[in-house]
Structure formats: C-alpha cells, structure tokens
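One structure is given below, encoded as structure tokens.
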Amino acid sequence: MGKDEQREEISSPSNSQKLNHHVVALDVEVPQTLHEVGTDSWFQVGVVLSTGINSAYALGYAGTIMVPLGWTGGVIGLVLSTLISLYASTLMAKIHEYGGKRHIRYRDLAGFMYGRTAYIIVWACQYANLFLINIGFIILGGQALKAFYVLFEDDHRMKLAYFIAIAGLACVLFAIAVPTMSSLRIWLVISSVFSLIYLTVAFVLALRDGINAPPRDYSIPGSKINRFFTTVGAAANLVFVFNTGMIPEIQATVRAPVVDNMLKALYFQFSLGSVPVHAVTYVGYWAYGSSSSSYLLNNVSGPVWVKALANITAFLQAIIALHIFACPTYEYLDTKYEIKGSAIAIRNLAFRALVRGGYLALTTFLSALLPFLGDFMSLTGAISTFPLTFILPNHMYIIAMKKKLSSLQKSWHLLNVVFFSVVASAALVAAFRLIAVDSKNYHTFADL
C-alpha cells in the first residue's frame, strides 16, 4: 500500500483511527525522542505558553507596537492579533495526531504532509525563528541587568555588551542545569512570580506617572514613508506577541487526550494568560505616549528598590523564557547524539556545557553585536512567525480536513494563506529596512 493510500485509509470515516474534529487516534505512533512526551498537564502547558507572552518582551510593546500604530491601530491590532493567533494555534493543535501519528516536531508534520523538501524548509524556518527569539531574550536580559546597575552606579564604564555577556553566561548555566522542557516544572512557578512582579511594578508606576504627568503626545512620529515602514514592522511585532512557532513541540509534552488538553492550554493562554500583556502595554502607552521606550522600565519613575526589584526579576525571567524557546534545538541535539540516562551524569553534563554553551555563546555574540531589539522582533515576525503561525497552519488544515471542509471553508483558509503571505513579504522588507537604518545610526556593540 502506498503512502497516500495509507493516509487515506487512516483518515477514512470507516477506519478506527479516523480523523474527527478533535483528531483522536488509537494506538498513535510516537516518534523517537530522548525528551519526555505526554507527561505534562494542560495547566502546566498553559503556563509554559503564558510564560512566553508575559516575558520581559511585554515591557517593550508600548514602544514597538503602540508608538508606530497609535491608539486606534495599536488597540485594534492587539485585540485582533489575540483572536487570530488563538484561531491559528487551535488549527495546529487539532492536527497534532494527523495520520495516526504524534507529530512532536513542526518539521515532522510538514515532512509527513508535503515531503522531504518541506521538512528541510520548515526546519530551517523554525530554527531561524527560535534563534532570533533567543537573541531577543539575551538582549532583554542585558537591558534589564544594565537598568538594574545604573540605578546604583551610573558611571558609564559598564556597557550594554558586558551585561549581555553576563546574561548569556546565566543562560548557559541554566541550560546545563535544566535538561528538558518538562524539567522546568518548579521554574515555571518561579517564572510566573517574576513576571507578576515586573509587570505589576511597570503597571503601577506607569499608572502613577500617567496620573501626575501633563498631557502626552500620541502622534505617530516620522515622515510618511518612515511611518509606512514602521507600521508594517509593527504588524510583524503584533504577530510576535502571542505566537511561539513551536506549537507541536509544546503539545508534545501534554498528556492524552492531547488535542483536548492542548486546546484547554491555548484557551488559558489567550484568556487569563494574555491579560497582563494587554494591561501593561496600554497603560505604558497612555502614561508616556510617543516617548514610550522599547523597555518600559526605562520610562517609569519610583522608589529605587522597587525599580531594582522589577529589573532583576525581568532579567531572571528572561533566562527561563529563553530556555523554553531553545528546547527544540536542545531536543534535536540530545536525540541526535543519544544523550540519555541521568541528567547529572558526567557525560551528559559535559555535553550540555559544550553544545548548549556553544549555541548560546553564538547567540550572545550576535546579541551584543546588533542589540536592536525592536528590529529583531519585526524580522522574527516576518521571516518565520508569519509562515509558521498563519500560513502553514491554514494550508495544513485544508490537507488534514479535506473531506470535512466545505468549498467555502477551503476558500477561507486559502484566503488566509494568500493574505498572510503578502503581509509577511511586506513585513520582511520593512524589517530589513529598519535594521539597515539603525545600523547606520548605531555602531556595532552599541551601548543603547
């Protein structure tokens, strides 16, 4: 029996492993991996997803989204991004067991549906996405640590690059200590506490500043041509806010029934989990208008110890959040080189120190070389988050559900594919332009 016939038999309504609305399969095949599969509750997975969107990145959206879009475009854009991202994420979750097999990696699902070429392209696209996200986290960690330092010693001797290097080293130590995503457990609780601290501090201090401040300027800065490109770049940032580009990898950790539990996790992420990022973004922009920074704690005024607490928790949370987005890379390397057994075995510790340390050393170097956080958010959204989050899920869903969808439904998903492809292309041009402009305005290893 050929591969297409096997897929047809699996998806046939008469087969016991039929693909229904929730894609429930019997005796589902699990691909080989040396990381844990199917061990986590939906709530733990929901916290993992919420950790990503409420990371220290959330402190930058007032400056990188609201400033270029203004009140109307910013609020409507964030709300629409929340709803559209939830919709696209549920499409991916529902096809996790397509063809009677758990697709624990995005590239595996792409290869199963489209073939070897798609496998390679999606692999490259996803790892570029995760690499750029991790660059951003190390920049964020460095910015937070520098902001903490200057509260006590503003001597200009310690440059941003030094703090980025310290952040990178901290990430290496954490990567050695925590072998897998499922191993995060208690760290997710700690991460949530850290997020609550710095987001609450930013919210309260910005609210106080806004109440006491004179009227703010909310006009969108720049010439017409600059506003056009920054608006397109901000659209890529909107996509970046809520999406990981690694739904299959996160869903791999959830217990059965994997689709139902993943949907619960997603509903948690996009409801309760998204409240903090919306709140701190709107209040930050309201308080500071077009002068809102890409790191909101640089804007706020208040007691030194409170700001210090917020900055150090933002730094520490960035380390944990980076680990989540680096885990697909770690899983690939651990599985390829058969790193199994005790996490504290000398061989395993040495491997993590050498390989993960090397990966993070490169990430840290590039972070210090070009520390333009907003530009990397735009580039990440354009080059990989758009395709992985909106374009591919809609097309994959058509393939997986082809016998279940009406012509109108298929046309809807195809329209999404075309629309988001056009937006991604425009956002990519805008992102490269922003990086080129900032590269002229700032030198390498800039002390921003």
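Cβ coordinates are placed from backbone N, Cα and C, and glycine is handled just like the others.
What TrEMBL says about this one:
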type: DOMAIN; residues: 39-431; note: domain 'Amino acid transporter transmembrane'
type: TRANSMEM; residues: 75-96; note: transmembrane segment
type: TRANSMEM; residues: 117-140; note: transmembrane segment
type: TRANSMEM; residues: 160-179; note: transmembrane segment
type: TRANSMEM; residues: 186-207; note: transmembrane segment
type: TRANSMEM; residues: 227-245; note: transmembrane segment
type: TRANSMEM; residues: 266-288; note: transmembrane segment
type: TRANSMEM; residues: 308-333; note: transmembrane segment
type: TRANSMEM; residues: 353-373; note: transmembrane segment
type: TRANSMEM; residues: 379-400; note: transmembrane segment
type: TRANSMEM; residues: 412-435; note: transmembrane segment
(message) Under 8 angstroms, Cβ to Cβ: which one of 186-207, 227-245, 266-288, 353-373 has the largest number of such pairs with the transmembrane segment (117-140)?
(response) 353-373
(request) Flag the pair the transmembrane segment (353-373) / the transmembrane segment (160-179) as in contact if three or more Cβ pairs fall under 8 Å (sequence separation 6 or more). (result) yes
(request) For the transmembrane segment (160-179) and the transmembrane segment (412-435), check the count of CB pairs under 8 Å (sequence separation 6 or more) and say whether it reaches 3 or more. (result) no
(message) Is it true that the transmembrane segment (412-435) and the transmembrane segment (75-96) have 3 or more CB pairs under 8 Å, sequence gap of 6 or more?
(response) no
(message) Need a quick answer: max count of Cβ pairs under 8 Å to the transmembrane segment (379-400), which of 75-96, 186-207, 227-245, 266-288, 308-333 is it?
(response) 227-245
(message) So, taking each listed stretch (227-245, 266-288, 308-333) in turn and counting its Cβ pairs to the transmembrane segment (186-207) that are under 8 angstroms, which one gives the highest count?
(response) 308-333
(message) Can you tell me which parts of the same chain pack against the transmembrane segment (227-245), counting only residues 6+ beyond its ends and a CB-CB cutoff under 8 A?
(response) 49, 52-53, 57, 61, 64-65, 68-69, 73-74, 77-78, 80-82, 85-86, 88-89, 106, 126, 129-130, 133, 220-221, 269-270, 274, 277, 325, 374-375, 377-382, 384-386, 388-390, 423-424, 426-427, 429-431, 433-434
